[in-house]
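Some notes on the structure that comes next.
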Amino acid sequence: MGILAILLASFFWGTSGIFAAFIPQVSPLAIGAFATGFGGIIQFAIAWKSLHISHRRLWDNKTLCLVGGITVAMYPLAFYSSMHLAGIAVGTVVCIASAPFASVALEHLVGGKVNISIGWLMSLLFGVVGICFLIFGQHDEPVFSSHPYRLLGIGVGILGGTAYAIYTWVAKQLIDQGVPSRAAIGTLFGLSSMLLLPSLFLTGDTLFSQMSSLFVGSYMALIPMGLGYLLFGYGLKTVTASSATLLSLFEPVVATVLAVTIVKETLGWYGWVGIVSIAICLALQSLSQPTVIKKTPLINQIKSADTGGLH
């Protein structure tokens, strides 16, 4: 059920780029701040009872929570900016595709030694191949030639993918330490709202000028950010952070198909080969997941600093 929850969350996330394309006059920074900011308030409100019960454990992990809140705030700004600069398909693909690498590095260097199976490595290989085919399959000409800002968009997307991996890892750490998934997600997104919503005073003028813009923003706050992350938090109860980020490769598949069918972005035959390759990646991932087998001193040092050296 955890895998299905993350795949359904990824489907909802994959629709956000299409909705953002309907309001091109709105800054991608405003879209990200509104969707995640108000989505964070929703998450915080839903988790209120759970937050009250878990407040001591959350306070004991305040450094992790702060890091998670900051990276949650970074992610939508990078994600929507990447789509704006590089196109819906390429921006989504790069942002999500870079996350599994950062996630495995975190689990290995900070969270513990990761015992990676052959099946998981094969899944990663098919995912990487699929992402490469998707990037080069969006246009018939070289990937950078038709859009002068595509390279910048790809760089911003990698930054977003790294932020996504970090807050996924933080949420998983909190859940593994006994914090309910709603409380973990509600805390991280509540903190991000405090950072994102004030920025709307600078970027949100066009967002509030038309009903269509408010409708799109409300959809993204309620469905991809609200319902999507409830499902994601539920999935993290039984799925490792590295596997969750790899399963999220379903998001760019959804975004690419919608971009081609609705926004009429072009996709060559190798782009469709990429989608098939990612489908194989997801199938393999449902069968093989890495497991954390040993804690490292670094995560214990973080916890010790939070609790005044008591642990």
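Residue numbers in this text run from 1 along the chain shown.
Using the three backbone atoms N, Cα and C, a Cβ is placed for every residue, glycine included.
What TrEMBL records for this protein:
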type: DOMAIN; residues: 1-135; note: domain 'EamA'
type: TRANSMEM; residues: 30-51; note: transmembrane segment
type: TRANSMEM; residues: 63-80; note: transmembrane segment
type: TRANSMEM; residues: 86-106; note: transmembrane segment
type: TRANSMEM; residues: 118-137; note: transmembrane segment
type: TRANSMEM; residues: 149-171; note: transmembrane segment
type: DOMAIN; residues: 152-284; note: domain 'EamA'
type: TRANSMEM; residues: 183-202; note: transmembrane segment
type: TRANSMEM; residues: 214-232; note: transmembrane segment
type: TRANSMEM; residues: 244-263; note: transmembrane segment
type: TRANSMEM; residues: 269-287; note: transmembrane segment
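In terms of DSSP secondary structure, the domain 'EamA' (1-135) contains 117 helix, 3 strand, 15 coil. By the count of Cβ pairs under 8 Å, the stretch nearest in packing to the transmembrane segment (244-263) among 149-171, 183-202, 269-287 is 269-287. Taking the domain 'EamA' (152-284) as a whole, pLDDT averages 85 in the prediction. Broken down with DSSP, the domain 'EamA' (152-284) shows 108 helix, 0 strand, 25 coil.
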